[in-house]
Amino acid sequence: MNPRDFWGGSSKSWLCLVLLLAACLGFYSNIFNLIPRWEQREESQSPEAHHLQDQPDSLPLSQDKHTVVLHRLLLEKTEVSEGDCHMDTCKIPEVPRLVYPKAQVLQPTRTDVLVMTPWFAPIVWDGTFDSAILDAQFRNITIGMTIFAIKKYTVFLKLFLETAEKYFMVGHKVNYYVFTDRPADVPQVPLRQGRQVVVLEVRNYRRWQDVCMHRMEMISNFSRQRFLHEVDYLVCADVDMKFSDRVGVEILAPLFGTLHPGFYAADRGSFTYERRALSQAYIPRDEGDFYYAGAFFGGSVLEVHRLTAACHQAMMADWARGLEAVWHDESHLNRYLLYHKPSKVLSPEYLWDERMLRRPPYLRKLRYVAVPKNHAEIRNR
């Protein structure tokens, strides 16, 4: 028989056979793929699996129950959902229709100052952002602000809160977390809708340096205990200051620091970093980006927790060696931000002292400024 006649006459039969074989292979392939899923389902439904799920086995046994709780919270907060995502790190929000001038690619908004770090973090100056666009992006969030009013520092609270209500995050929900050993001295200040003062009673310390250094510990602890559940971002600010111009959501980022007004134009050799190699805050003389101020920093709650917990642990390690960094918590803050680059850097507009510094022409606004005070009268009393 001619092979051509065989293949041609039986083409329909061969086609049916091939299709049947393909169907069989597909069926068995699906069966084998389902076997691991059934095994996983049976394992997850077993009592032993439920027990294992309840135990965070990935954590070292040496970590305490607080770390276990925080681990669970971090897992919950890192699950992606529209309700708890930060604009910077997760879902990009939809912006409503807005009318505003078009940005000109060949005409930079500022040429007199540095507006971008080497790691592509914006440096926030007046004229580098549009408040309307940012307010639309950051709508429906809550900002927390930590303020420490220990001992006689409660005298600064009234002016601080009054000016914050006028200039800070206007149009957004704010929780002012006031850490104080004198809750009865917290003044009653009229607040905008959606804003509240939350008094957190804490102990005082003999020295003002100890107050500064324990601030990191307290912010870290309360971030774990409640801030994770209550706010989206944390701004950590000094209370002996006042707001004198708009400070809005343009500062918000996963992690931000503020240029110290005394060193923003200085070379790194002039920075007052901790220079003792034995200290956990040590920064060599050939390293350093900027000198950041301890009076104004922040970010998402998770990132602020990481920062404050790391600084507190470093300070405890120093204390065990009998060391105290030259500028206390600010020294440790600078060490942390050197090796964990902030995603935004605030210009000296956001921290200034009019009595000590002459205002340069490129500083168009003074947004957050020091209040005149007698340090000897206030500290340690």
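Placed from the backbone N, Cα and C atoms, the Cβ positions cover glycine too.
Not measured: the values here are computed from a predicted model.
Here is what TrEMBL says about this protein:
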| type | residues | note |
| --- | --- | --- |
| ACT_SITE | GLU330 | active site, nucleophile |
| BINDING | PHE148, ALA149, ILE150, TYR153, ASP238, VAL239, ASP240 | UDP-N-acetyl-alpha-D-galactosamine binding site |
| BINDING | ASP238, ASP240 | Mn(2+) binding site |
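This view paints the features noted in TrEMBL onto the structure.
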| residue | record | CB count, 10 Å |
| --- | --- | --- |
| PHE148 | UDP-N-acetyl-alpha-D-galactosamine binding site | 23 |
| ALA149 | UDP-N-acetyl-alpha-D-galactosamine binding site | 22 |
| ILE150 | UDP-N-acetyl-alpha-D-galactosamine binding site | 21 |
| TYR153 | UDP-N-acetyl-alpha-D-galactosamine binding site | 25 |
| ASP238 | UDP-N-acetyl-alpha-D-galactosamine binding site | 20 |
| VAL239 | UDP-N-acetyl-alpha-D-galactosamine binding site | 23 |
| ASP240 | UDP-N-acetyl-alpha-D-galactosamine binding site | 20 |
| GLU330 | active site, nucleophile | 24 |
UDP-N-acetyl-alpha-D-galactosamine site, defined by PHE148, ALA149, ILE150, TYR153, ASP238, VAL239, ASP240: further same-chain residues with Cβ within 8 Å of the Cβ centre: ILE147, THR154, PHE156, LEU157
Rounded inter-Cα distance in Å - ASP240 (UDP-N-acetyl-alpha-D-galactosamine binding site), the residue listed as 'active site, nucleophile': 16
Nearest-integer angstrom distance between the alpha carbons (Cα) of ASP238 (UDP-N-acetyl-alpha-D-galactosamine binding site) and GLU330 (active site, nucleophile): 12
